[in-house]
Amino acid sequence: MSQIKLIVGLANPGTKYEDTRHNAGEWLINEIARQFNVSLKEEAKFFGKVAKINAAGGEVRLLVPTTFMNLSGKAVGALANFYRIKPEEILVAHDELDLPPGVAKIKQGGGHGGHNGLKDIIASLGNSNNFYRVRIGIGHPGSKELVAGYVLGKPSPQDQEKINAAVDEAGRCVDLLLKDGITKATNRLNAFKA
């Protein structure tokens, strides 16, 4: 596996959205920033909030785009081009409808599953979907028509507790991934259930 050089947390900007399900990716970046004791700072040229951490294999950038979700690729593309980071050196954390709250999984590649943030990132990386993902389960509202409102809604207190537990575990697994590689981290996170 390539060394991960960029970890992205997908979100919509502004306080109106910070507690919504669609911002679960940002919750993970905040957890990693806490672990490494760094603060994200707004960087206009990368259309996002950025921090740098030093992990076992070298420098890793953290990024939360401050564009809206469907323009996330603008931020990822700008930072990846500037630092010459390849798709397989990128880990994207995002909310996942197909996993229940309390579960998170690591995987490489795959489609966007209708997730507009992933769709835009794939396009911005020259149609490459070869990056890694941390899929943070938020559950599914049951019907396609309800999805748009659901992802922009706040989880129930019980679901939030489970999502927080999965985000905490994902944070520990990202640390493991940076130290020991993808396999150990994937096996550990994929077995977790809050």
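One is the number of the first residue shown, and numbering goes on along the chain from there.
Each residue, glycine too, has its Cβ placed from N, Cα and C.
Residues annotated as active site, proton acceptor in Swiss-Prot, with sequence analysis given as evidence: H22. Residue environment of H22 (active site, proton acceptor) contains 22 other Cβ atoms, counted within 10 Å of its Cβ in all protein chains.
Taking the Cβ of Y17 (tRNA binding site) as centre and 10 Å as the limit, one finds 18 other Cβ atoms among all the protein chains shown. Under the DSSP three-state reduction, Y17 (tRNA binding site) is assigned to coil, being neither helix nor strand. Annotation comment: Swiss-Prot describes Y17, F68, N70, N116 as tRNA binding site.
The annotation site 'Discriminates between blocked and unblocked aminoacyl-tRNA' is assigned in Swiss-Prot to N12 on the grounds of sequence analysis. N12 (site 'Discriminates between blocked and unblocked aminoacyl-tRNA') carries neither a helix nor a strand DSSP state and counts as coil.
Residues within less than 8 Å, Cβ to Cβ, of D95 (site 'Stabilizes the basic form of H active site to accept a proton') and separated from it by at least 6 positions along the same chain comprise L10, R21, H22, N23, A24, G25, H115, I136, I138, V151. If you look up Swiss-Prot, you'll see D95 marked as site 'Stabilizes the basic form of H active site to accept a proton', on the strength of sequence analysis.
Take the CB of N12 (site 'Discriminates between blocked and unblocked aminoacyl-tRNA') and look out to 10 A: across all protein chains shown you find 21 other CB atoms.
If you take the Cα of N12 (site 'Discriminates between blocked and unblocked aminoacyl-tRNA') and the Cα of N116 (tRNA binding site), they are about 11 angstrom apart, rounded to a whole number.
Largest Cα-Cα distance over the residues recorded as binding tRNA, namely Y17, F68, N70, N116, equals 16 Å.
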